[in-house]
Amino acid sequence: LHRGQWGTVCEFSWDMRDAAVVCRELGCGEAVAALSRAHFGPGSGQIWMDYVSCSGSESTLKNCGSAGWGKHNCDHGLDAGVICSGKKSRLTDGFHLCSGRVEVLHRQTWSTMCDADFDQQDAEVVCRELGCGLPVEVLGAAAFGRGEGQVWSEQLQCRGNEFQISFCPTASSLKHNCSHDSDVGLVCAGKARLANGSDSCSGRVELQRVLLDSWSESVASVVCRQLGCGSVLNFFSSSTSSPEHSHMCVMGFSCSGSEAHLGNCSSAQAVDCSSREQLNENATFNSAHSSIRLVGSGGDCAGRLEVFHSGSWGTVCGDLWDIEDAQVVCRQLQCGVALSALVPAWFGPGTGPIWLNEVECEGNETSLWNCTFQLSGEDEWGHEEDVGVMCSEFKEVRLTEGCEGNLEVFYNGTWGNVCVNGMDEETVSLICQELNCGRSGSESWAKARVESAPNWLDNLKCRRHDSTLWHCPSSPWRQNNCNKDNEVAWITCSDHLPLRLRGGKGICSGRLEVYHNAEWGSICDDLWDIRDAQVICRQLGCGPALSADGSAVFGAGEGPIWLSRVKCRGNEIHLWDCPHSLKNHTDCSHKQDAGVTCAGLSKRMENIVYEEIYCRFNTARATQRGECTT
C-alpha cells in the first residue's frame, strides 16, 4: 500500500531474504518460498517495487532497497509472491480466542503438548505469537479437555523473548508415556484496548474477551502506560453485567502501578464468571494524550527521554535541563529518585521531532506536563542535545567476567553483590539465560570484587515460571546475612567459550573470534551466511544481524582458526547449538576470516555506559570506595 493504492512487486532479484521480511511483517512465521512469474495470478494496478534487496533482518518491506517507488521494468506477468509457514501454535476449546488447549503444528499435523514439558517462557512465546499479550495462567491435566491425535514428542526450550515457537530450540521430551490426560492449557491476557470512548485514550477497558475485576487506580495506571496514554486522570467502575460477557474474566489483578503491562501484575487468575451476579467490566477513564518513556538502556527507568505527542514519539532538547527536571520524570514513571540528568545524547541521538525545549521544573511536580517548557516539534537543535535520565529504580545484572564471575546487580546508582545463600539450579539457569550465556550453569562462593560495594540481594531463589531475575523472591534490598569474604555468588554459565568481535566500529561489528584452549582464534567463512550472523548477534546481545561478512572484511586475524563450516538455522540461542567443526583448521587461511555487523548496542557496552555515568556523577563517593578506575 503506497499513497493510498495497492500495487504489486516485480520478481527481479526477488529471493528468500525478501520473502523473510514479508512473512515477518505480516506475522506469518518463516518464509517457505519466494515465488515469481505471477504464481498466484497477475495483479492489477500499480507495480510499486522492483529490484527489491533486503538483508533479511528488516522489520518491513519498505525498509529494503529497491529501484524506487513506481520504478520498474516488468508487467504483471512477473509479479512476485511468497509462501509463509503460518503460525505454528494455536489455542483450542477455550473460553475465548486467547485461551485453550495448546497445540503445535508439526509436519502438517496439529499435536498437543505434555504439561510437564511446558513452562512460563514457552507460554510467553505462544501468547506473543497469537497476538494475545502476556500469559495469565498455565493449566495442566487437560484443563480445556483432552485433545486428539499425537502428543508432541519434543520439548520447547524457549527463552521467552522469541516472536514465535519456531524460533525456540527443542529437545526430545523425557515424558515418553505422556497421554492426553496431561495436555497443557494456557490463558493469555489478550490485548488491551479502550472501547467506545471519545478518542484513543479514553473508553471502556477491554482485554479482547477477558474482563477486569478488582479495579483500582493502580491497575488503571498500568493500562494507561501499556497503551501509551500518559497518566490516569480519572476512572470509574460499573457493576453491570451482560450475558455476552458472562463466561470469562480475569480476577485479582494486584498491580503496584509501576508495571509496564497488565500481564506483569501478580495474582491474576482466569475463572468462569457465569455464576457471578456482578462484574466490574466497565472501567472508563480519560488519560493525558501525551506520554513519556525512557529508551536505550534495556530498562524502563533509565535512558533517553522521549515524549509521545500528536501521534508520534519525539525527544527533549537539553537546554536548561537539570536534576530537578529529571526528578519529575522519575517520579512520573514511578522509578524512584533521579540519580543524574544526562546530556548531551548519553543514550544516543533519537529520531523524529524534538517536542520539548527549555524544560524548567521546580522538582516537586507530579508530571512533566506541570512544568514550564517550549513545545516546538522542530529539530533545529539537532538530536545531539537529546536529554537522558537515570533513576534509582533502574536495575541491571552482570557477571564480572562475561559468562562467569561474581554476580552483581546495579541498583540505586551502584553495582553491588548478590549473596550465594539459597541459590539453586533454577536461579542460576535463569541468570545465565538472561545474560545470553547458555541455559544452565553452576554456582559457588567468592570474595566481593569491591570491598565497599553493598550486598544488595540475599536468599535469591527463582521459580520455574519466573521470566526475569527481578521477578524472583529474595530478601529486601540490602537486608542480608552474608560475609563479603566468602559468601558472594560466583556463577559459571554453560556458554564457556566466549566470543568477541574485533576490527569493526564499536563492539557490535567486526571479525568474529572465539576463546578456546586459552587462546583467541578466528572463524573460517566456509558456509558463513546471514543465519549464522543472526545467532552471533543474538548471543552477544547486539540486536538483529545486518550482514554476514567474509573474506577478512575487518582485517585478518592472528593465531588459530578454531571454527569452520558453521551452519545455523538462525533461531538458535548460541553458536554452540549450531552444527560446526571445532579444531585448529589449517586448511583455511586468515584471508577467509568471518565477521558480522549487528544493529544494536551490546549488554557489555551498556554496563560500561552505566558505570561511566555513575563514575562521572558520583566522583567523590566512587573514589572513596575505589569503585571507578581511570
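Positions of Cβ are set from backbone N, Cα and C atoms, glycine also.
From a predicted model like this one, the values you see are computed outputs, not experimental measurements.
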Handout entry: Disulphide partner cysteine [TrEMBL] for Cys432, chosen from Cys391, Cys482, Cys493
Key = Cys493
Practice task
Disulfide-wise, see what TrEMBL says Cys74 is paired with, picking from Cys10, Cys158, Cys168, Cys178.
Solution key: Cys10
Exercise for the section: Could you identify, going by TrEMBL, the member of Cys437, Cys588, Cys598 that forms a disulphide bond with Cys524? Expected result: Cys588
Exercise for the section: By Cβ count within 10 Å, point out the most packed of the disulfide-bonded residues listed: Cys188, Cys432. Expected result: Cys188
Fill in the blank from the handout: Cys178 (disulfide bond) -> DSSP, reduced to three states, gives coil
Fill in the blank from the handout: Per DSSP (helix/strand/coil reduction), Cys188 (disulfide bond) sits in strand
Problem - Rounded to the nearest Å - Cα separation of Cys598 (disulfide bond) and Cys54 (disulfide bond) - result: 15
Completion exercise
CA pair Cys391 (disulfide bond) / Cys432 (disulfide bond), Å rounded to integer, equals 26
Fill in the blank from the handout: Model confidence over the domain 'SRCR' (89-189), as mean pLDDT, sits at 81
